[in-house]
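> Input: one structure, supplied below.
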Amino acid sequence: MINIPTAILCRLGARSSISRSFGTSIVTKSEAKTPIQKFGWEYLLKQRSKNRPIAPHLTVYQPQLTWMLSGFHRISGCVMAGTLLVGGIGFAVLPFDFTAFVDFIRSWNLPCAVTAVFKYIIAFPIIFHTLNGIRFLGFDLAKGVNNVGQIYKSGYLVSGLSAILALAIVFNSCQNKSNKTA
């Protein structure tokens, strides 16, 4: 059987050794111990006085078509995947289905110009992601990756075709809507 004073001393001893180990690992600004820590702290203070960001920021990099298309490809893929996930779960759980949702939107009788904007916002990322995915598959096959001019031409082609095809889909949709009402 352990007596109470021993248990208290053991707990206090353990607690003080733990607090001692945590206390020595934390370096505050006033007690930098090594020359490297002093240099690092002075460097951060100097950067702060010049209103510079601590880490590299996107404003440091020059905008280039290659990384912008790559970023938009990733973003459009994530947004579409999230939309399918949330929409699929939502329509599985909610008491109405997708067709009822579409009929509800159609019951608002919005003008074609308003629906065209929303249709373009939906169509462009889908078309862009598809065409840019085909472009990236070509890069995976090492087609055109050693020619920077070819990379830029294919990027402009994907961007232009995506915009044109999305406009064609939206225009065709508005034409079909006006033909049905006439």
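Any Cβ shown, glycine's included, is placed from N, Cα and C.
Reproduced below are the annotations present in Swiss-Prot:
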TRANSMEM  65-94  transmembrane segment
TOPO_DOM  95-114  topological domain 'Mitochondrial intermembrane'
TRANSMEM  115-139  transmembrane segment
BINDING   His129  heme binding site
TOPO_DOM  140-147  topological domain 'Mitochondrial matrix'
TRANSMEM  148-169  transmembrane segment
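Could you place the listed features in the three-dimensional structure?
If you take the C-beta of His129 (heme binding site) and look for same-chain residues 6 or more apart in sequence within under 8 angstroms, you find His73, Ser76, Gly77, Met80. According to its DSSP assignment, His129 (heme binding site) is helical.
Within the chain, the topological domain 'Mitochondrial matrix' (140-147) has long-range Cβ neighbours (under 8 A, six or more residues past its boundaries) at 154.
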> Averaged over the topological domain 'Mitochondrial matrix' (140-147), what pLDDT does the prediction give?
89
> Counting only residues 6+ away from its ends, which parts of the chain sit with a Cβ under 8 Å from the topological domain 'Mitochondrial intermembrane' (95-114)?
87, 174, 177-178
